[in-house]
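Reviewing the structure listed below.
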């Protein structure tokens, strides 16, 4: 009996160590990524280094695209060998950083390096926090955070284009995408209600909610969000910004609630 308890404790400790290593690696990659890409951003600022920055951006785009392919191949090989669960570095993490590297460099070259850097300063820390939440917090909280972080960005785009000179394509496009996010979350909640919050895609099972998730809570949450989105579209700024602040405040309050519940 004692040996079984020790073996179980070792198994739990090993799983915790793997999670810790994964989170630390992701945060480390995020810091290194922002440090490297910030140098590229500065190089675009000076005429003397502008051409070199373009060459570097092309090289980094190729590296990013290669990382996406390599990450997918590596992850598939890990899954087939049965070693994916024990790996400290997931192939999907390699895919994520490769994809962001390629797209951000393309945006710096062909659109606006300043805007690209601003987006990265928000996107990368948020992705690191979401990665932490994915492994540490209940899956229900991860799904809520992921959807409402996306809604916060779309609400910001809607609010910024709500004035008379704003781009109507961005405004209405952001609204439609936000509605789709809410609708998708509700559809997943009802679809997985009978399977304990687990979504089955072929041979894969993905937990999107918990077994104990209250479907009424999810329905009220996203229905209220939809009402606020419609009001923000109709009333424009500054009400749209108030909805954005309310969304961010909700995420903060939810983080406190789930943290206390885990203690």
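Note that the numbers count up from 1, one per residue, in the order the chain is shown.
Heads up, the Cβ atoms here are built off N, Cα and C, so glycines get one too.
As annotated by TrEMBL, transmembrane segment applies to 21-40 (among others). The list of residues near the transmembrane segment (21-40) in space but at least 6 beyond its ends in sequence, with Cβ under 8 angstroms from a Cβ of it, reads 53, 56-57, 60, 88-90, 93, 97, 100-101, 104-105, 108, 113, 117, 120-121, 124-125, 127-128, 131-132, 135-136.
TrEMBL lists 52-75 (among others) with the feature transmembrane segment.
Under the heading transmembrane segment, TrEMBL lists 87-109 (among others).
Residues annotated as transmembrane segment in TrEMBL: 115-134 (among others).
Residues annotated as transmembrane segment in TrEMBL: 141-158 (among others). Long-range contacts of the transmembrane segment (141-158) within the same chain: residues 122, 126, 130, 133-134, 170-171, 174-175, 177-178, 181-182, 184-185, 188, 208-209, 221-222, 225, 229, 232-233, 240, 243-244, 247-248, 250-251, 254-255, 258, each at least 6 residues beyond the stretch ends and with a Cβ under 8 Å from a Cβ of the stretch.
Here the transmembrane segment (170-190) has long-range neighbours at 143, 147, 150-151, 154-155, 157-158, 160-162, 199, 208-209, 213, 215, 218-219, 222-223, 225-226, 229, 233, meaning same-chain residues at least 6 beyond its ends whose C-beta is under 8 angstroms from one of its own. Under the heading transmembrane segment, TrEMBL lists 170-190 (among others).
For 214-235 (among others), the entry in TrEMBL reads transmembrane segment. For the transmembrane segment (214-235), the residues of the chain that approach it from at least six positions outside its boundaries are 144, 147-148, 151, 155, 158-159, 162, 171-172, 175, 178-179, 182, 185-186, 189-190, 193, 243, 246-247, judged by C-beta separation under 8 angstroms.
Annotated transmembrane segment per TrEMBL: 241-260 (among others), in sequence order.
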